[in-house]
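J.: Copied straight from TrEMBL:
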- 350-365: compositional bias 'Acidic residues' (COMPBIAS)
- 350-372: region 'Disordered' (REGION)
- 242-275: repeat 'ANK' (REPEAT)
- 277-309: repeat 'ANK' (REPEAT)
- 311-344: repeat 'ANK' (REPEAT)
- 434-466: repeat 'ANK' (REPEAT)
- 469-501: repeat 'ANK' (REPEAT)
- 504-536: repeat 'ANK' (REPEAT)
- 539-571: repeat 'ANK' (REPEAT)
- 574-610: repeat 'ANK' (REPEAT)
- 647-679: repeat 'ANK' (REPEAT)
- 823-855: repeat 'ANK' (REPEAT)
- 893-925: repeat 'ANK' (REPEAT)
- 928-960: repeat 'ANK' (REPEAT)
Amino acid sequence: MALVSPIEIPQLSPSAFHVLDDKEPAAASLNQVGESLNHQLESVPPIARMSTNGGEPIDCDFDSLSNEIIRHARLALARRYPSTEDKCLSECLSFLEPITMGDVNKDLTRMVENIFQSRSSDMLSHYINLCVFLSSNNMLSTLSTDRLILLIVKSKSQPRLKALLYSKTTTMEIFMSNLLASAAAMGEIEICRILINAGADVDAPSGLGLRTTALRRALLGGHLDCIRILLDAGADPNLAVDGRVPLDLACDMYDSYDYVKVLLDSGAHVHPPQDSARLTPLQRAVDGSQLEVIRLLLKAKANPNCFTKAKQGTALQIACRNSGEAGVVELLIAAGADIDARSGYQYDDGNLEDGLSESSDDESETSSIDSFWDTDESTCSCFKSAILIAAENENWEAVQLLLEEGAAVNPSMRGCPTRAMRQELIEHSWDDLAVFTPLQAAVRAQNITMTRMLLSAGAHVDARPRNKYGHTALQIAAMIKNERLTQILLRKGANVNAAASVCLGRTALQAASAHSDITVLSILLEAGAEVNAPPAGEAGRTALQVAVSAGNIEGVRLLLDAGATVNTDLSRIEGRTPLQEATKIQDQSIRDEIIHLLLRAGAYIQPQKGQEKYASLHTAVSQGDLLMTKTLLRKGASPNVGYCARTNRTPLQQASSLGDESLFQVLVDYGADINAPPHWDGGRTALQSAAERNHLSIVRRLLQLGASVKEERALKGISVMEAAVNNCNLELIQLLLDIDPSIIRSDPTTKGIVIGNALSHWKCDVSLLELLLKGGADVNNMDKYSSLPFLQLAARKSNLGFVQCLLSGGAHVNCRGQPSTPGNVTALQEAVDSRHIDIVQLLLEWGADVNAPANEKGGKTALQIAVSQNYFEMVELLVQNGANVNGLPSPRRGRTALQEAASSGYVQMTQYLLNQGADINARAAHFGGITALQGAASSGNIRIVMILLSAGVDINGAAAIENGRNAIESAAENGRLDTLHLLLNYHPNTEEFEIKRKRAAKLALANGHLAIGRFLLAYRKDTWMRTREVPC
């Protein structure tokens, strides 16, 4: 597409790229700036099949190497992966367009064309030049840098690399540091030496995402020789990257002794800073059970009682967590580890609250440090003593060691937050019970010897936190059905009637009732266990309930004979009677026998007044159990018993939801009310239930029986028409309209939402929308979930027919959404975003406001969206229809059209918008906004920077009020060296410039661009001149 009056970019002179001389620099003209910038390409010797330039012959296949270079160039430059090399070349040249200009663009274009087309011996030298340019502007990925190392090695081009590094420029400094990190990661010692000898910064971070050092990458790659070379060259062994120092990485590695030793020998600190949140090296080594590394760290004076992350535990706690590693425990104890220390008691000041006394175990519901630990990350582990951790992990040798050293056998859990204990109880299954004392752990493991040892050492037989959390040792013995342990604990005075844990607990008798072997159950009853002991407050069950649920016929008999109550207060057992539990048993013979026993004992078929929601009929219907339903109805259960506590439905409503025609018919035959109202909270009538689940046959049957289509709606409920629309069931919708043509328009709620519900379904079509509109559906309402108008939802689905249908049905073309999140707020914006130009044209014909403002919470105008997609045809269409090229951006991270084009690197689009009158100096949006120049500088789009400077942009354009950067800061922060230098040379020498330079230097250093930071700190306009040759 031809552009009107394209802006000419000044050509760069062939002179060296240097800082302006020491003459007083007024605002520099563009010609002066252009003459001050040039990238003189380094001369890299070509590769050859056999040496023609004094180098060694390469021993790799030339065609293979050429293909690799092409693949790597594609990776470095192509945004996509085109199917042909011609398309790939075009894509690569397109990538270069915004980030290069003048002679640099010509030279790099020629090099890329040679790479893809000529397959000459110069391919590698061209590719290296390309990588140097990209690397110095923070545009070369870590993967591409790694692959460049492989190419250099494969082609034996190390001497050529050495020759290239003679240039002592900021560009080469950046390239060397990036290359060094990749060489270290690949274990290429020779290249590391070449780069270090050439002056590469061994501590400079590299990479596009998380910037990391050469030492870190060498450690991650496990290349010990490279690590030694880097440390010998002065690499800082204590430099943290992403919060972790090299010693942290080494201690996490498998077989890490040599790595840890070389770091310690080079001065690595064995203790992190006091305010650090990371684990100590010793904690890491212990966690990895690396005995020799632990010895090495302890020899280096690592403190075994030092820890930084309380929730991970002390080194000794961590050691005890690893089953079978008693050797580490012994080593730490010998080094002075506190055997009773628990990291969970460390506050910000490192002190345990004085008020936490042992008596708080029994009385206090919440500990005094609950508020400190009351987070989603709360964990019991750090509050458990070493001996408890060792016992629960069955590290019995460590348990014995700790006992011999005098560890407390009854360690208190008084400081552990209730939330953490509850969470631990919930996370453990009945097969892997949570334990809070060493004795409980020994019983759980069925280790009789250790149980006796702990009891002999003074373990409290009934101990548990606050006397209410967790299971007693006897309850655990009953749960695991261990007769011998049960007898041992009873002889030691265990309380046979200790209350169940408040969370997911069982008394000993309740626990034993789950087992078909009734030996333990009999022992407990003989010991005086209370057969009707109350269940736990949360998910509790009576002993009889547990036995019934387990299908334990003999246990049920034994408990009933012992006086178990069959009609317990339902409020205390979460609404399940033993009879209800029996109806859920799958084995029919067992179920029938247990029901017979319960009924014989007086179980109620019909619940008592006020307990209807717990009726057994509800359970039978919810299970879809036709036989049990018939049995209960025959024995007198009422089909109109009320609403179920769990489903908020009557039996007939539940059967309708299940779509079980036989179950439905049985209930109807016994007189179930087909028009019973829905439960007030989310309930459904029988007709609504059937329609919601798309059970058309039951819907028809209900209508035949006289069910009303205009039934009341519950809170959080739905109408029958809503249910039909939600399933896009055209047959049912038509059936309902035939019965009552006003069914939609007479219900304001249904009228207002059915179009949105239909549009959200994948089966929606134009005929369905037309039927709903004909029935009186509101076309101009908002979707209740997204708060977007229906027309916008139709545009989002990119369906021209939907949009046309809604417009013809009276949809307001400029209805504006009110979302609470960033995004589009009009149908036109949505259509542009979907790249559907036909829908855009249709909306414009119907009068869509092409300049509708962007979403204030974060969004774009229609034109800004089209520009962000670089969609020229769409942009022209919008401009021809009156789109304002200077439309205001959203205050949150918004961009004007020009700002969007400049930051995205769209050269032609930038020129087009300027020709259309775009405001080159439009202010940055309030939060996170950018001016056009700042956006181009941030992305390194130097050609666009020059276009904007040519057009008179204000280089001093103000940054966003919040989270903003000026142009020089933007380039420095993102490592865009060439763009930065252009802006520095262009900026007049003022006091404001010096402030910007210093701020930019701080930003560059803070973001790991050390060479650029140093360059900025040394940069002077009026005192020195420095040639900066930029190899491209």
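A Cβ is built for glycine as well, from the same backbone N, Cα and C atoms used for every other residue.
A TrEMBL annotation is a machine prediction, not a hand-curated record.
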J.: Averaged over the whole of the repeat 'ANK' (647-679), what is the pLDDT?
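T.: The answer is 96, the mean pLDDT of the model over that range.
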J.: With a Cβ cut-off under 8 Å, give me the same-chain residues at least six positions beyond the ends of the repeat 'ANK' (311-344) that come close to it.
T.: 279-280, 282-283, 286-287, 289, 291, 294-295, 298, 304-305, 373, 377, 379, 381-387, 389-390, 393-395, 397-398, 401-402, 405-408, 411, 415-416
J.: Using a Cβ cut-off under 8 Å, which residues of the same chain at least 6 positions beyond either end of the repeat 'ANK' (647-679) come close to it?
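T.: That would be 617-618, 621-622, 624, 626, 629-630, 633, 639-641, 685-690, 692-693, 695, 697-698, 701-702, 705-708, 711-714, 717.
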J.: Tally the residues of the repeat 'ANK' (277-309) by DSSP class, grouping H, G and I as helix, E and B as strand, and everything else as coil.
T.: 16 helix, 0 strand, 17 coil
J.: Taking a Cβ cut-off under 8 Å, which residues six or more beyond the ends of the repeat 'ANK' (928-960) line up next to it in the same chain?
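T.: Hits for the repeat 'ANK' (928-960): 7-10, 30, 33-34, 97-101, 105, 137-139, 889, 891-896, 898-905, 907, 910-911, 914, 920-922, 966-971, 973-974, 976, 978-980, 982-983, 986-987, 992.
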J.: Could you count the residues of the repeat 'ANK' (434-466) that DSSP puts in helix, in strand and in coil?
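T.: Helix, strand, coil within the repeat 'ANK' (434-466): 18 helix, 0 strand, 15 coil.
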J.: Report, as numbers and ranges, every residue of the chain located at least six residues beyond the repeat 'ANK' (434-466) whose Cβ falls under 8 Å of a Cβ in that stretch; write 'none' if there are none.
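T.: Here the qualifying positions are 360-365, 380, 384, 387-388, 390-392, 394, 396, 399-400, 403, 409-411, 413-414, 416, 421, 424-425, 427-428, 472-474, 476-477, 480, 482, 484-485, 488-489, 492-495, 498, 501.
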J.: Give the residue counts of the repeat 'ANK' (242-275) per reduced DSSP state, in the order helix, strand, coil.
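T.: The composition, in the requested order, is 16 helix, 1 strand, 17 coil.
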J.: Which numbers of helix, strand and coil residues does DSSP report for the repeat 'ANK' (893-925)?
T.: 17 helix, 0 strand, 16 coil
J.: Do any residues, 6 or more residues outside the repeat 'ANK' (242-275), come within under 8 Å Cβ-to-Cβ of it, and if so which ones?
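T.: Non-local partners: 210, 212, 215-216, 219-220, 222, 224, 227-228, 231, 281-282, 284-285, 288, 290, 292-293, 296-297, 300-303, 306, 308.
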J.: Which numbers of helix, strand and coil residues does DSSP report for the repeat 'ANK' (823-855)?
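T.: Residue counts for the repeat 'ANK' (823-855) by secondary structure: 16 helix, 0 strand, 17 coil.
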